[in-house]
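According to Swiss-Prot, the Fe-coproporphyrin III binding site annotation covers R131, Y145, P146, M147, D148, K149, H172, Q185, on the basis of sequence analysis. Per Swiss-Prot, the feature active site maps to Y145.
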Amino acid sequence: MSEAAETLDGWYSLHLFYAVDWTTFRLIAEDDREAMITELETFVKDKAVARESHQGDHAIYNITGQKADLLLWFLRPEMKELNQIENEFNKLRIADYLIPTYSYVSVIELSNYLAGKSDEDPYENPHVKARLYPELPHSEYICFYPMDKRRNETYNWYMLPIEDRKTLMYNHGMIGRKYAGKIKQFITGSVGFDDYEWGVTLFSNDVLQFKKIVYEMRFDETTARYGEFGSFYIGHILNIEDFKQFFSI
């Protein structure tokens, strides 16, 4: 049997995607719409306390295209906290006019493919802790997509010897390092949590960098032979002070 890679796991992750029911929302009286927006602002401000106490974080983006209008991404120490957040959000008045289009449940993950041998507790390493329990950037743009490692009769990632997988992931990682300073990447593991095996969330102030890195990685053997992808979601940051303009009709 092929050897499984060990993982380090951090905060639990929930991506929520919604479309706005503009047809119905425009029928609501202006005062009621404003009250809904104020309630949403209060909800988001309340969730920002977790960032300040380093007990989680969140990001909100306006999705481009017809797959969704909004992305809300939450990180928390325990899965049940994500349930509480989702339940609380669904009880907001404005949620009556938001149509769920997609969601993704996962956990911030680092694999040991590129790790060197050490007796150190990795969870005490400041660099590792910063990646497992991150402070999300407030970049202009976001890109999210789920992915699997291919497993069929011709190419089966999980049947490769671990040394071969380490080599492939090293070469794969070298491409990503070329985009340091341009893209911030977060990998979340979802085996047993959702329909794909990983979620990839990218942040950048230059949206074109998403196209460049994904295209370049298409030529990497790890992706070309073993990568399978779901839908891609691209969005622009939606700050709390932008809510009124976004929901105005």
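Please read every residue number as a count from 1 along the shown chain.
Cβ from N, Cα, C; glycine included.
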Close in space but at least six residues away in sequence, with Cβ under 8 Å from that of K149 (Fe-coproporphyrin III binding site), the same-chain residues are W157, Y158, E197, Y226, G227, E228
C-beta crowding around R131 (Fe-coproporphyrin III binding site), within 10 angstroms:
17
Which residues, sitting 6 or more apart from P146 (Fe-coproporphyrin III binding site) on the same chain, put a CB under 8 Å from its CB?
Y104, S190, D194, D195, Y196, W198, G199, V200, F229, G230, S231
How would DSSP class R131 (Fe-coproporphyrin III binding site) in three states?
helix
Restricting to the record's Fe-coproporphyrin III-binding residues (R131, Y145, P146, M147, D148, K149, H172, Q185), give me the longest CA-CA distance in Å as a whole number.
22
Taking DSSP three-state, what's H172 (Fe-coproporphyrin III binding site) in: helix, strand or coil?
helix
Using Cβ-Cβ distances, find the residues under 8 Å from Q185 (Fe-coproporphyrin III binding site) that belong to the same chain and are at least 6 apart in sequence, listing them in sequence order.
G176, V200, T201, L202, F203
Under 8 Å by Cβ from H172 (Fe-coproporphyrin III binding site), counting only residues of that chain that are 6 or more apart
M217, D220, T222, T223
